[in-house]
Amino acid sequence: MDNLTLTRLLSETADLLEISGADSFRVRSYRRAADAAEQSTVDLASLANDPARLLEVPGIGKSMAANIKATVDTGSIPLRDELLAKYSAGILDLLKLPGMGPKTIALLWDAGVFLAPANTTLEPAEAAISSIDQLASAIDAGRLAGLPRMGEKQIEKLRRGIDEFRKSAGRFRIDEAEESAERVIQYLLAFPGIERVTPAGSLRRGRETCGDLDLLVTGPACEPGQTSAAIEYTAAFPGIRDIIAKGENKVSFYLANSLQVDVRLLPSRSYGAALQYFTGSKAHNVTLRQRALKVGYTLSEWALARLDDESVVASETEESIYAALGLDWMPPELRENLGEIDVAAQHKLPRLIEQSDIRGDVHMHTYATDGRNSIREMADAALARGYQYIAITDHSKNLAMTNGLNEERALEHIQHIREIDREMTGQIRVFPGIEVDILGDGELDLPDSVLAQMDVVIASIHTLFNQPREQMTERILRAIENPYVRILGHPTGRLLLRREPFALDLPSILRRAAELGVAVEHNAAPERLDLSDRDLRLAKELGCKISVNTDSHDTRHFDKIRYGIRQLRRAWLTPGDVLNTLGPDEFLAALRPHP
DNA sequence: GCCGTTTTCGGCCCGACTGTTTTCAGTCG
């Protein structure tokens, strides 16, 4: 039972409780426990028989500890099973529909919308329809009309929501969301009277995916009473597919790619409060507001104000709000309620790693294999970025598809790399390297005699990634035992939103890598970002060396480093935690020594 | 269901928008 499963079970229990009309604070405690499981770097299930340690986790009390134990023993939570027996599992999908909350589900449930239709002669495959499908057919059959709060518009909203759900269930990668945001921002800035547009929400916090886009807009056209022109202009953005809502201060719509965008117009005097509020995260804001209450203030998206006479204490900038609460300003990446507020109160926030700290990139390909540029072109592009070193790490022979290097070509390639390195003396170092493939049995596909010539040996899995978990784990553990391996490449193989990560026992791998001094790569490409912020925190806790690289196949790809950096920041990593902040000689010296 | 510098009981974050409810409930972030 991993934390992810536990998180799902706990939050499903919370959803079901809410539908059943349970006490909202009881629901909240299940959600808090789910959050705790999601964020924890320790496998909570492994502590099931150690209640004392479980109870140390904030949000876990006696009942939750018992629930966790039950999940280990039975694979589920008794309360969840009980509720699922009453409702059906598919009912949880309904919560994903816009406008559909627990109360409405309960209403529809009581009205019998989800009872199996009588007299069906459906084949079993067709009979197994989801609650969403049942809802759709209930709408079509007109069975919602006449129910309380179910007017024409409400029903139409549900119908649209179902279409939306079927078209794109899910989140958007941060780079895609960023690109969409940029288009809307450019459009908005063209309006006279709009001065500033700032993305808030998960995009500002640098999460790897975004569910929707929050854009905060300010300027003379956003002052109270003056907003109608700007609202109409916003609603006329040519990329809009459907308007969801249009009010005095807010327009919500779907873009053609189904990304939801919320544009909010704000008076400049509340800009800081709004930015703070809409940046979140929700958990961070809840804790912050509790803190405000304790000192006699109330915090909303409009201002931090005194409770007694409602006078405004701070509102124009985030800094002033945090300062009024005795806190240092916090980078958005830290605002996940993982202790940042306490640390900010002690004025001990770490100096997070920044893109400008990065002095080299040691994973990239050239047209010797599947890259698109030469060694020299890659080196020039890296130099133009201000890097002090790179490593050329083309593929090895097992990846025939990429024209991977065999022994002979690999040795030849090294000579070319060394030539370029000499040519560029005094400008940038170019290290010879290789991305060697880990075979199905954990062996590498090039002999040690070749690897011994390389400064940077990255071992990565490229094939057979569907092997069972134990086998995949064993395979990587064997590979990093090879004394020439200095970096474990894209360790989880995750391709965000396209493929599941490898099935792996990542903690065991990280632990062993730390023992051996093998660095673990954080692949910075947004479609990879293969170590989540939680994985990165674990890697740091275990004392792993971390190398952040772009795996560039093209000179233009170097810029992807920014996504990797944001993920590192979300994991509270400082320059000292990441090898690439070192200079060229120090970087090589920090890697596992050659035998 | 959790938690404690007022509390082992009695609290637990806040406001806007929507649709339909002529005064407010539900959803959302």
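Each Cβ is built from the backbone N, Cα and C atoms, and glycine gets one as well.
Feature annotation from TrEMBL assigns domain 'DNA-directed DNA polymerase X' to A:1-336.
Taken from TrEMBL, the feature domain 'Helix-hairpin-helix DNA-binding motif class 1' applies to A:52-71 (among others). Listed by sequence, the residues of this chain that lie at least six past the ends of the domain 'Helix-hairpin-helix DNA-binding motif class 1' (A:52-71) yet keep a Cβ under 8 A from its Cβ atoms are 1, 5-6, 9-10, 13, 29-30, 32-33, 35-36, 40, 44-45, 77-79.
Secondary structure of the domain 'Helix-hairpin-helix DNA-binding motif class 1' (A:92-111), assigned with DSSP and counted as helix (H, G, I), strand (E, B) and coil, comes to 14 helix, 0 strand, 6 coil. Per TrEMBL, the feature domain 'Helix-hairpin-helix DNA-binding motif class 1' maps to A:92-111 (among others).
Nonlocal intrachain contacts for the domain 'Helix-hairpin-helix DNA-binding motif class 1' (A:142-161), taken as residues 6+ away from its ends with a CB within less than 8 angstroms of a stretch CB, comprise 97-100, 104, 107-108, 111, 113, 135-136, 242. Look at TrEMBL and you will find A:142-161 (among others) tagged as domain 'Helix-hairpin-helix DNA-binding motif class 1'.
What TrEMBL records for A:360-440 is domain 'Polymerase/histidinol phosphatase N-terminal'.
Mapped onto DSSP helix, strand and coil, the domain 'Polymerase/histidinol phosphatase N-terminal' (A:360-440) counts 30 helix, 22 strand, 29 coil.
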